[in-house]
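K.L.:
The structure is given below, and queries will be raised subsequently.
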């Protein structure tokens, strides 16, 4: 137990000390990747542990980012109407923008709005026992709805350009390297806290209920648990994590647009978790960092083949590494330890019930 | 004695097919009741209706004569004390035996309470007792999916018993078990019935003969007759129903 | 006492079969821990180095003064949906760089292009811009197509005091001190073309566009202009990017019977719109369509048969008759194949490189501030006619042209502004535009 | 009046296009329960096949016969789509029948690769297909023009539906396919080679996507990303119609087509898209099984 905890501590401390050994540019990249790692944690919770595959987490990420971006935009507009509204013909700040001039409200909203939206959608679909691929496809439709809306409502959202060109956050200049380092460290801390939260949840009895829901949702009902409330809870928790990541993302990258909440980014989020290991929280973090590093690397070296590589990665992971990198290490280690008992396949719990 | 469970004129139809055509059935406290009948008679469907998996299109299912559970959701019915074991073992393959039992503890099953739940010494004793009762003490840290078929069946029965049910619904509990295992299961059921009522669907006549007191025969979505096994064996209607379909009886 | 459940949440429990023994479990945890450490280390190394491996570390980035080359960034989408348009810009820029290098380079240094892929993804544009400025220490960057990509890069260039040359016509309302705009702003494309339409083609306008920033902003200006110059607006419709069914929109057009359709649709939607317009029995004789996003390259993807007779407004056509253009088209085809065509943004991208080089020569320095200082008034005899940098807003003076699409996929110029038009991104010199911004 | 007729026709036409796109999915997803995210790229493959056939005709076939390139393109598009589908089934899908979520991810990877391959072969810009002249023009009814191309697509999708129905109902192979989709183990124990049936069914579904791609060339763009425009809509239609029900898919496509055109006429294209998707999501909350479902018990 202690050794493992020590390992995690070392990992997070190594990340935390990033500014000491990473250059400014690489630190910025890493900060972005760690935001993605927070999203990945959330996806791991719902997908790896609960069996809900959401192809719509870009929406929650985006909404969280927009909430914070609205505050940043207002702050950098110095009390004037944001530039894009001016040339979109809006004469006064829309009512729903007004509270976002308060940073506390904006930051709280970046957590709560995604969580509430997810809870609503989750409650309806899970209560109606829509699950598996049907839920995945519906979550994709939700992405289409939101992206179309955000693009079409240009006078409110900045349209395809999104919100960008921020100057300060709570009075600190976002361009300053020191502020960027502070934001990076904040990201590491929040990632660490999210990880701890997620690990505690999955190690609790509730976490075992979630795994049970994944393996046999109907069976869980016959133990007296209502899977709907568990699923709604974990789904909105994961949406809140995505929203939180969006906030950190927009602070560090200084930009959010509908393109970042689209279908492709949403599916890529799932890929991070698949590559790292869908049943492993630390795997999700590693997956997000590794896939995005690889993306940076490949798209710089061989821009044309990045999408082929990405496609192959999907296929390889699904076909040969269903439990991702961490899973592969696990079984390799297992083999090394000469564990040979493998007989008997695990029946799905729901064999009869469903 | 007041019946603990009464089904009144329960009807179920699947896309026009009448699976249950008005079933009446009463189960008394601490009674072991066997449901027999040829395939397609509606035995499993009746269990499905009682546990909430299938919704009856008509009729009432009364618990303790007052509460109509026909429209309740599965987990609400379970919380009342009616648990169900399915025909094929349905345990959580990726959890250990111990964890399977842990989830089956009689407990507050709300999200908030479960998140804060801690294993008490009492819980632990209860689970260990159950482990030795179902003979899985040595396998308790194994993944449940790795158990042998009979062990899975027992684990599932154990999971039902952990919930201290008032009524236990069993669907062919001994299917796929060896002779000694069957006997052991029979004993177990007998033992259980001191605490709760048991409603069992079973095809194995030998087993029914050995362990039944009351038997209900179903045929084509209706109750054909009720009585002790020897009474049933005398019944001409039953013979007729079974003679044509001998193979399904054994 | 053995803990009742494996402590590690990430274990794949299936593999625990028959491993109830405490010692084994403990040993396993130890090795698992090693693995985590190993993976972590690997991940850190990878994330740290992967991005930089193929690139030059800043340590060995040559300082501009001592080496005999100067690095410039070329940042366009080479993958994703925008690659369709942007790849040609990269080609044009690389060609200009090669030409300049063949002539001896800039300030005696060879230009070394660092090509990056924006991947049609706006944060990627920002990330790569940052990389070009901070790691490669490029003297300038040529890049972008969509407004979104420019908006994403803008803060990066302002914060790092970099220099971006943006070569595509856009909606105006912007003038960053760190960006030079070599494409048209609205008063060099849209405003004159609307005037031309009103004078030559009809007064009633139907505006259609893709649902994003450029069409919406452009149409707002067009509406104000129509009001001022006696036109009427009979309809205004937007379709989502990638929309492919225009039947309903076309029935609305039929209802309103406009004389002119002003088209700001983007990319693929043009194909569907023009095909379906023709099917609905509407030809160029019935309603004039003037587009501002269809250049020679797009015509080929739509099919000349359905576009013939419609119009487009640009600053340059492949058929523009100047000696510079003859040379440019020949060189472009020579370099990239006979089947390639040039077009307005391609020309603007090509110009950008020359304009930068000229400004550097004038400033006698690659320093951003010096180049900006020197850029005002720089002239270049471009394929599309002389362009001049306006020192006030860092846009360029450009000649406006309206062309009719011919059966061979080329334009026949039907009107031009005669002389280069002064850029006015905020439309300050147009009384009717007051209150638009 | 003309507007009403035109709009009614537009609704049916949009419905027929959506149906053509969704028909292949109704087999691979609806009957076989495979989520094939590369379905859109099979549409793309069909479109490019049409382009290649056209190029071949204009180069190697007398100009007088050029107009018939389209007749050759339809079956060829089907074959190319079917071939791609067959290969995909043999190499990937068949290992993933029990892991639907994973097949979703893997086929998404396939779609990325196919898009890039298309870009490498045909270049990033769109290519143009000239529709045969016999599809030019339209039928005029009460002042409303019904373009021949749209009428042709309606006819094409009808033919596809009827052939599919005949195949599934009247041929031995089709009956085997239905048997497998209804009860896999039973069919297998009766001596039906489920592997063969799976591959055939998947190839047919993919082939239909190829036909859809061929048909779309007369109306829309031909580029490496066209598949992505249609894929989400297509899946939603199949879900809306009800899994496993071909007739349900027909109803799903037609209702989405009608709703889409009506909403677009009253508001605008963007809002219409939002309205349609919200309506589908909301509808599924009330009726998770879709309009018509072949399975009795909801989405399980």
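A Cβ is built for glycine as well, from the same backbone N, Cα and C atoms used for every other residue.
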K.L.:
When you get a sec, could you say which of A:64-84, A:85-105, A:106-126 is annotated transmembrane segment by TrEMBL?
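P.N.:
Here TrEMBL associates transmembrane segment with the stretch A:106-126.
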K.L.:
Considering only the recorded stretches A:6-22, A:172-198, A:232-250, A:305-329, state which has the highest number of Cβ pairs under 8 Å to the transmembrane segment (A:106-126).
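P.N.:
Counting Cβ pairs under 8 Å, the winner is A:232-250.
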K.L.:
Determine whether the transmembrane segment (A:281-299) and the transmembrane segment (A:172-198) share at least three Cβ pairs under 8 Å, counting only pairs 6 or more apart in sequence.
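P.N.:
Stretch pair touches.
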K.L.:
Restricting to the same chain and to residues at least six past its boundaries, which positions have a Cβ under 8 Å from a Cβ of the transmembrane segment (A:305-329)?
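P.N.:
Here the qualifying positions are 268, 271, 273-280, 282-283, 286-287, 290-291, 294-295, 298-299.
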K.L.:
Mark yes when the transmembrane segment (A:133-152) and the transmembrane segment (A:6-22) have three or more Cβ pairs under 8 Å (sequence separation 6 or more) and no when they do not.
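P.N.:
Touching, no - the transmembrane segment (A:6-22) and the transmembrane segment (A:133-152) miss the threshold of 3 or more Cβ pairs under 8 Å.
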